[in-house]
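A.B. asks: Sharing the features that TrEMBL gives for it:
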ACT_SITE  C219  active site
ACT_SITE  H298  active site
ACT_SITE  H382  active site
ACT_SITE  H386  active site
ACT_SITE  H415  active site
ACT_SITE  N419  active site
DOMAIN    75-363  domain 'FAE'
DOMAIN    381-461  domain 'Beta-ketoacyl-[acyl-carrier-protein] synthase III C-terminal'
TRANSMEM  18-37  transmembrane segment
TRANSMEM  57-76  transmembrane segment
Amino acid sequence: PHFSNSVKLKYVKLGYQYLVNHILTLTLIPVMAGVLIEVLRLGPAEIVNLWNSLHFDLVQILCSCFFIIFVATVYFTSKPRSIYLVDYACYKPPVTCRVPFATFMEHSRLNLSNNPKSVEFQMRILERSGLGEETCLPPAIHYIPPTPTMEAARGEAEIVIFSAMDSLFKKTGLKPKDIDILIVNCSLFSPTPSLSAMVINKYKLRSNIKSFNLSGMGCSAGLISIDLARDLLQVHPNSNAVVVSTEIITPNYYQGKERAMLLPNCLFRMGGAAILLSNRRSERRRAKYRLVHVVRTHKGADDKAYRCVFEEEDKEGNVGISLSKDLMAIAGEALKSNITTIGPLVLPASEQLLFLLTLIGRKIFNPKWKPYIPDFKQAFEHFCIHAGGRAVIDELQKNLQLSAEHVEASRMTLHRFGNTSSSSLWYEMSYIEAKGRMKKGDRVWQIAFGSGFKCNSAVWKCNRTIKTPKDGPWADCIHRYPVHIPEVVKL
């Protein structure tokens, strides 16, 4: 009989994975069993004689104890502090900010009445975007023509950030005076005073707070903020850090005719999240997650990668974000570099061995061998892929060989909230929790892309089984999801 028909290769691979991943245990068990059998063979008198033959010297005992204590002290002092994600809150825009497809297209026709081709282009993008009818834009963009004033931008920032912060305070019981570190990231809107100063003024935070405001770092800035918070919490014991991730749409709505700059208008929507991180041991019991790894990859040394997401003026002087046609290829290279770094940190030994053997085979025997793609499903139970667009999710699902359920959170977040930039990962995490899928010990991989060009990853481990939340951005609609998203929605 044919080998592939007589043996289920799936079970062969499962057996191989179990063997390699538990090789140390499987090797030690026979050795321990042999030692135990030999001890049992000895009679009571022989065991007493063996014990009496051992000579204990007081100096040797003291030196051994001192050495053990010294090694233990060095180990525990050099060990990094555990960083816990206590809880987080996502901003949910009001119904009055909704932008159904019909409304969006009507406004486009009125705003671009002299350029019907640009209107048609936006319609084609929207039809294939994967967005739903409930995404939201700030009030200033609802006017005809839009009124992207500084006052309106500040108003959007206040309602998004303060609403997320208020929800975080309510969920965690945190008081403003308990915040030791504050990090706010928003790429395109960078006023003076900064957004972090705006938060400090609103909640009257302490004068010795360590505050940071990150701008211009794209959709992956949320994970950069997490990385910065982790580094600060390593050197400041017994501290709480609050990270606020958002993107303010009002001043960045493009009103020109360049197609490469019209694309963000179709994808970006209102959103924001506030996250509480802590290194306090007292928070260990109630914390939702523990931060395991953060891996950052930057491809900015390459000119194409640097300019693939670029803020500039068009020929008529309108400022907008230009997206290069090479964006997906550059994102793929950035992802490749990132997973090459994170792979050895998270993949089981069986996957690393297969990857190594394939690599050696391609180098020595046949360069045309198909490269082995590690099975990241062995390392993670949940995937939060930045909901930057349908193409981004499709490519990652294909390249990482993920199932529809693995990318469900990303697709549904894009459908319900649109591309909310750096905060999209937290809407996805909230979706998984709202579905009741997050169990104790589950591992979560957050992947985000951003201008520059950057690909950043964060790995979290669930600290406790999370009950389905009764509030949050999905509370009133989770029963309707997942929904079928057609390839094209004819408008």
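Using the three backbone atoms N, Cα and C, a Cβ is placed for every residue, glycine included.
Annotations in TrEMBL come from automatic prediction, not curation.
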A.B. asks: List the Cα distance (Å, whole number) between H386 (active site) and N419 (active site).
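C.D. replies: Given the Cα positions, H386 (active site) is 8 Å from N419 (active site).
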A.B. asks: Just give me the nearest neighbour of C219 (active site) among the active-site residues H298, H382, H415, N419, Cα to Cα.
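C.D. replies: Of the active-site residues H298, H382, H415, N419, N419 has its Cα closest to that of C219 (active site).
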A.B. asks: Taking the Cβ of H382 (active site) as reference, which residues of that chain separated by at least 6 in sequence fall under 8 Å from it?
C.D. replies: H406, A409, I432, R437, M438, D442, R443, V444, W445
A.B. asks: Between N419 (active site) and H298 (active site), find the distance joining the two CA atoms and give it rounded to the nearest Å.
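C.D. replies: Between the alpha carbons of N419 (active site) and H298 (active site) there are 22 Å.
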A.B. asks: Could you state the CA-to-CA distance between H415 (active site) and H298 (active site) to the nearest Å?
C.D. replies: 29
A.B. asks: Please spell out the DSSP helix, strand and coil residue counts for the domain 'Beta-ketoacyl-[acyl-carrier-protein] synthase III C-terminal' (381-461).
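C.D. replies: Computed counts for the domain 'Beta-ketoacyl-[acyl-carrier-protein] synthase III C-terminal' (381-461) are 34 helix, 21 strand, 26 coil.
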A.B. asks: My understanding is the cutoff is Cβ-Cβ under 8 Å with a sequence separation of 6 or more in the same chain; which residues meet that for H298 (active site)?
C.D. replies: G452, F453, K454
A.B. asks: Please work out which residue of H386, H415 has the most C-beta neighbours within 10 angstroms of its C-beta, and give that one of the active-site residues.
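C.D. replies: Checking each of H386, H415, the winner is H386.
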A.B. asks: Find, for the listed active-site residues C219, N419, the residue with the lowest Cβ contact count at a 10 Å cut-off, counting only other Cβ atoms.
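C.D. replies: Least crowded of the active-site residues C219, N419, by Cβ count within 10 Å, is N419.
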